[in-house]
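Visitor: The structure follows.
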């Protein structure tokens, strides 16, 4: 006689996302995770998507018919690329380090708050004991107080993406930042071309020709202004992260430690640093959330 069938009311083991101790949010039965504020991610998506729709509907057709259909292709494909990078950065495990059960220190001895750890390149760095996760944080890791997770190669918590940026989602974050900066430049140039088209359509002796041309392209003026504001932000951010990539620093390390080019223990030279940021394979997640 075989073993008795399992009771339909037998309780199954809870899945990881159901007992998660951090502040991350899970959707679709644990298939999708975001940071604590998914609304921020949705809002940033809207900031990219809405101007892009207006741009494609009211600006690009004039420019594409006058110059080249390539404007239409780029105007559709490039915002989609930026959105895909944004969503990837916002829904990828940034490199959460698994928490350990509490282990009291040996009797009569206090646990050292810091200790030295040797890197593969032979250099030594100081790592810190994490009271929340009950472990010494890996080199370059830091506990994010917003997500309430220890993040491998912690860069910063990004309110625009709604989550922490770390080892596993830094590359799509870079793709979004650099991609959006390029998109802003393209949009500004295309809007200027539509205004020029309207200018050329006016009689050569028309009074206030410049103002009239702008008045005939209101959508271009609005989108140009929005894109200029966007470029002021992401353009500066792109320059800053280009410097961080070139010197192999994180935002947190730059603000806290201020490594110089020679002192940084993670520096591999310009080429090596860029290859690590753009071409190295992201490690797998430490969790199977479902």
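Cβ from N, Cα, C; glycine included.
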Visitor: In TrEMBL, one of 41-61, 104-124 is tagged transmembrane segment. Which stretch would that be?
Guide: 41-61
Visitor: According to TrEMBL, transmembrane segment applies to one of these ranges: 217-246, 247-276. Which one is it?
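Guide: Range annotated as transmembrane segment by TrEMBL: 217-246.
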Visitor: Looking at 148-172, 173-197, which one does TrEMBL call transmembrane segment?
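Guide: Spelled out, TrEMBL records transmembrane segment over residues 173-197, not the other listed ranges.
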Visitor: Would you kindly list the residues that approach the transmembrane segment (67-89) from elsewhere in its chain, counting only those six or more residues past its ends and only Cβ-Cβ distances under 8 Å?
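Guide: Same-chain contacts beyond the flanks: 41, 44-45, 48-49, 52, 55-56, 60-61, 158, 161, 163, 165, 169, 172-173, 175-176, 179-180, 182-183, 186, 190, 193.
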